Amino acid sequence: MRWRASSAPSISAPPIATGCCTPAASPPQTCCGAKTPVSRMRPTRCCCPAAPTGEDAVADILHYCSDHGIAVVPFGGGTSVVGGLDPVRNDFRAVISLDMRRFDRLHRIDEVSGEAELEAGVTGPEAERLLGEHGFSLGHFPQSFEFATIGGFAATRSSGQDSAGYGRFNDMILGLRMITPVGVLDLGRVPASAAGPDLRQLAIGSEGVFGVITRVRLRVHRIPESTRYEAWSFPDFATGVAALRTITQTGTGPTVVRLSDEAETGVNLATTEAIGETQITGGCLGITVFEGTQEHTESRHAETRALLAARGGTSLGEGPARAWERGRFAAPYLRDSLLAAGALCETLETATVWSNTPVLKAAVTEALTTSLAASGTPALVMCHVSHVYPTGASLYFTVVAGQRGDPIEQWLAAKKAASDAIMATGGTITHHHAVGSDHRPWMRAEVGDLGVTLLRTIKATLDPAGILNPGKLIP
């Protein structure tokens, strides 16, 4: 299952520019690339772009800004949905957006070892193109794939739709370079090491608060020679989850595994694509995709097929799975249309262990429906599993409701209720969207008082002036 450039929408990225800070009184805008349906959720104070072309320029900018009290927000593809790019000024003289998109090269590839070093500004499609010229693929396809960058994937612990086969992005990282205001961290030169704690983890998931990632060394794989698709129907979500747990713990190895609950399946069945043309009338839709050599693909597919059938699954053939692949990057564009039509449409995600999955799903669904009902509108809450592990899985919720009163306050109340339910019911505040500013209030509950102290100590060591992406990640 490969990226096909022909499926990308015809949208150009904004031009790279340099210039001066906009006035503090400028109107709200999507400055620093913050993507949000209502711009006043992300008010700007001051934001101007700087577009360095090399590591020395990044270091010079960080030194200058440290000396002059100017905040720096690293920018890649601008796809954060959790306020990760909000230009928080506070007491700083100004805020600049450090545009990393000129770091756009494949630095090197080791075809024998199966590793490649990509610069931080390379986008998902460009990474696949650059690697594809050598017969390789990264295999990382999150919903932000079209615009997000290698540096952003690393800084947010991104997880793609092929994670069952290739792992999360952090699983692919072998090494990286990060420029900080006090020096350069160059980490990870060999496949494994026992030389103390793994300091790469300081950069992975750091969301630009410790330094600016400039290069990432990654595990890559040969472009698969064979792909098999198969969709499945399960009588209910619990049966489907149990089936996914079985194949994950058995290790049969689908590259993609996905399960929609009854509500999300109902929406899928209403489409005119092949998903909607299936003969099922309810239940839950499952998707499996297998990639690799012909022999390996066929053997994994056969073993998984037998396990799913034995655990209540009914095969729907490959049509619905192929339809899902064709539309897998379309949801954000549909969301914009719904918002324009007066509908509230938002998402949130979490993860938990298998035994706690039904409890967490019920708690979050109840929190969302109750909160939105209190604002005067019923809500459709949908859920799917798309990232699985031997011990647990992610839960991804999509919420659709009518806008009532102030839609921002309406959603913030619902999101708080859901986040409180997540933390009270054994989930994580984020599985792959990252923390940003939106999830920051729950970080202390996530990592504890000592964990917050450790994060603050690292921040003070690497960024003494506190200029890097203020107001994110660390409470």
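Backbone N, Cα and C atoms are what each Cβ position is placed from, and that goes for glycine too.
Any TrEMBL annotation is an automated prediction that lacks curation.
Around Y396 (active site, proton donor/acceptor), the C-beta neighbours below 8 angstroms that are at least 6 residues distant in the chain are T347, L348, E349, C383, H384, V385, S386, H431. In the three-state DSSP reading, Y396 (active site, proton donor/acceptor) counts as strand. The active site, proton donor/acceptor annotation in TrEMBL covers Y396.
Per TrEMBL, FAD binding site is recorded for 74-80, 156-159, 207-213.
Neighbours of R335 (substrate binding site), defined as other CB atoms within 10 A of its CB across all chains, total 17. Feature annotation from TrEMBL assigns substrate binding site to R335.
The feature domain 'FAD-binding PCMH-type' is assigned by TrEMBL to 41-223.
Per TrEMBL, site 'Important for enzyme activity' is recorded for R258. Within the same chain, the residues at least 6 positions away from R258 (site 'Important for enzyme activity') whose Cβ sits under 8 Å from its Cβ are Q161, G286, I287, T288, W324, H384, V385, S386, listed in sequence order. DSSP assigns R258 (site 'Important for enzyme activity') to a strand.
Classification of R335 (substrate binding site) by DSSP places it within a helix.
S80 (FAD binding site) counts 29 other C-beta atoms within 10 Å of its own C-beta, drawing on all protein chains shown.
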